[in-house]
Amino acid sequence: MRYNLIEPGDNEDITNERRGSSFSVGKMAAFVHGGEEKLRRRHEILKFVESQKDFQDPIPPEFMSRKERVENNARKIVAMTDKIAFIDQSDMFEEGLLFQSLIMGRDFHAMSLHYAMFIPTIQGQADDDQLDYWLPLAVTRGIIGTYAQTELGHGTNISKLETTATYDEKTEEFVLHTPSVSATKWWSGGLGKSSNYAIIPAQLIINGNNKGLHMFIVQLRDLDTHMPLPGITIGDIGPKMGIPGNDNGFLIFNNYRIPRKNMFMRYSQVLSNGEYIAPKHSKLRYGTMVFVRSIMVRDQAMQLAAAVTIAIRYSSIRRQGEWKPGLKEVQILDYRTQQYRILPCLAQSFVFLFAATEVKNLYMKVNKQLSHGITELLQELHILSSGFKAVVTWEVAKGIEQCRLACGGHGYSHASGFPEIYSFAVAGCTYEGENIVMLLQVARFLMKTVKEIHSNSAHLATIAKYLLDARRYKSSFQRWQTVEYEDLVGDFEQAARNQLHILCFMAKSYLSRISQCSEPEISRILNLIGKLYMLHEISAHCYAFRMANYMSDEQMRSVKCGIYEILGNLRPDAVAIVDSFDFSDRELHSVLGRRDGNVYAAMLEWAKYSELNKTEVSNLAMLIQQCFTAKLLLLKSKDV
């Protein structure tokens with residue numbers, strides 16, 4: 001275990017912060033990560049990764065060209081797959097993701113979707129025979145796959161995807177075709193240059209009838225030469241706002257044929273004679289998207305946790321301004337404005353992280369039930385993952401930006417880690433479902449719930465049971481009968497519009513999790529964090545509460561006072577709290593947030609990697625000099 005975090009040579013201010021902690025960071029870290037054994041294993045994996053020469057970058061990736069970065073990632077991917085036996089491959093949700101993130105950082109790599117979507121789709125959508133054939137190939141990396149759903153013209157609205165798979169009964173084949181430019185598959189990670197297979201969601205056409213979206217496993221490249229197969233046009237989509245080390249690609253089919261058995265048939269089948277057998281539940285084929293969203297919630301929570309760690313550590317060593325002339329300048333973390341900016345983000349990190357566990361557990365439960373044909377929780381999981389994905393990605397993106405701004409000018413440098421963290425996180429607002437659409441799905445669920453409550457036909461699952469709790473609403477359950485339908489609709493519309501439904505469920509998940517803490521000193525901190533989160537969210541949505549007559553003006557003022565009181569209580573433990581996230585310097589990848597707090601010397605060393613610093617006089621300087629010289633000669637000639 002790496003605790004205590006104090007080492008000789010550390011920055012004095014950050015050392016004093018750690019010495020003043022009121023709780024055991026090691027115990028808090030164990031609680032955050034699910035127990036001492038998981039924390040020990042986390043450190044074991046980190047130690048292994050740091051000991052492997054093949055996993056190291058020759059220079060900081062920020063100083064590489066895109067081509068160099070893609071090639072460097074490819075080199076590390078090969079090394080990672082060669083040594084993947086070090087981790088428990090039955091626990092890809094935690095150990096697998098940690099292993100990848102430690103090696104690849106925040107740069108999605110060519111095999112990101114191979115592990116995150118390609119293999120899970122095979123596991124969830126293939127029938128037993130298909131599973132026996134395809135899964136060993138994918139797991140042993142005999143084939144490298146991606147998941148190509150999004151098209152140029154459609155993303156979130158998957159029912160309108162245009163790529164077709166038309167069944168040819170004579171040859172027992174599906175003919176994949178891209179009918180228009182807007183039907184071009186776009187954005188899929190690893191598609192551009194790396195993958196030789198892809199899972200393709202396409203509209204199934206049988207005898208001219210569209211049976212809706214179905215999943216097909218499709219070979220894209222020759223397994224020996226890696227050249228695209230006839231009928232396939234494929235390539236890289238070019239530079240993006242972030243993740244430069246990933247070859248996101250495009251894909252066009254020109255009447256490309258695949259065998260009938262390449263359609264996944266666990267839930268729906270196409271027989272050799274063209275007979276179609278529909279799935280029992282229309283959402284069964286969307287399990288992969290739900291799985292990815294469940295991963296996203298935790299991943300996004302960790303990005304905010306990283307940003308908060310950087311901001312709080314830097315705020316503890318950065319001094320600015322004097323409270324009294326002649327005294328030492330003040331740590332900027334002591335300013336109430338700085339606390340108000342970043343400590344609520346700290347609270348969000350904890351709540352989102354614990355809520356992510358709830359989503360993961362529900363996914364595992366539903367996945368197990370689906371294998372036995374039980375689908376009753378599927379809608380709940382779909383709504384939960386949609387709402388969490390939307391709320392968490394939005395809040396994380398806003399929170400990271402607040403943390404960056406809290407670090408002043410240095411937050412603008414790539415050395416801070418913020419540009420990489422932000423570009424990684426903000427992509428989550430649009431991929432795997434555009435957030436507005438995700439929240440509208442939650443809103444439709446709530447509107448349906450209103451009708452069921454009003455007609456006494458509501459059978460609410462876990463996510464919505466609180467709606468029947470009298471303590472949560474102005475009216476008791478016994479009075480639902482007398483509440484006007486329009487009033488019910490108004491309340492639920494307000495809840496949906498302001499994301500309150502999901503926020504409420506996350507708060508409940510957090511309280512449930514911290515109730516399991518048996519350490520009084522840890523429990524005290526976790527309770528303060530929970531109160532800060534809830535009061536801050538109430539404050540952020542005070543207009544909605546006020547308009548719905550849930551709060552008085554006096555209560556709103558009390559909320560503000562409560563927030564400031566908790567900020568003061570958390571301030572002495574702020575550094576210790578972010579230490580409990582257990583980020584290594586390798587994971588954090590930030591000069592500003594480094595463990596030892598020696599930021600300024602490290603910043604100078606980082607800058608020396610710049611290509612422009614390899615020579616004292618650059619070609620640019622020579623060009624400028626030549627221009628000035630020419631202009632000077634011209635002026636002199638005019639004087640003559």
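Backbone N, Cα and C define each Cβ position, glycine as well.
Fair warning: this is a prediction, and the values are worked out from it, not measured in the lab.
What TrEMBL says about this one:
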- E432: active site, proton acceptor (ACT_SITE)
- T150, G189: FAD binding site (BINDING)
- 25-144: domain 'Acyl-coenzyme A oxidase N-terminal' (DOMAIN)
- 147-255: domain 'Acyl-CoA oxidase/dehydrogenase middle' (DOMAIN)
- 286-447: domain 'Acyl-CoA oxidase C-alpha1' (DOMAIN)
- 494-618: domain 'Acyl-CoA oxidase C-terminal' (DOMAIN)
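Confidence annotation: the domain 'Acyl-coenzyme A oxidase N-terminal' (25-144) carries a mean pLDDT of 90 in the model.
Cβ-based neighbour count (10 Å, all protein chains) for the residue listed as 'active site, proton acceptor' stands at 24. E432 (active site, proton acceptor) and G189 (FAD binding site) are 12 Å apart (CA-CA, integer value). Of the recorded residues, T150 (FAD binding site) and the residue listed as 'active site, proton acceptor' place their C-alpha atoms 9 Å from one another.
The binding-site residues under consideration are T150, G189. Their Cβ neighbour counts within 10 Å are lowest for T150. Residues in the domain 'Acyl-CoA oxidase C-terminal' (494-618) partition by DSSP class (helix H, G, I; strand E, B; coil) as 90 helix, 0 strand, 35 coil.
Mapped onto DSSP classes, the domain 'Acyl-coenzyme A oxidase N-terminal' (25-144) shows 92 helix, 0 strand, 28 coil.
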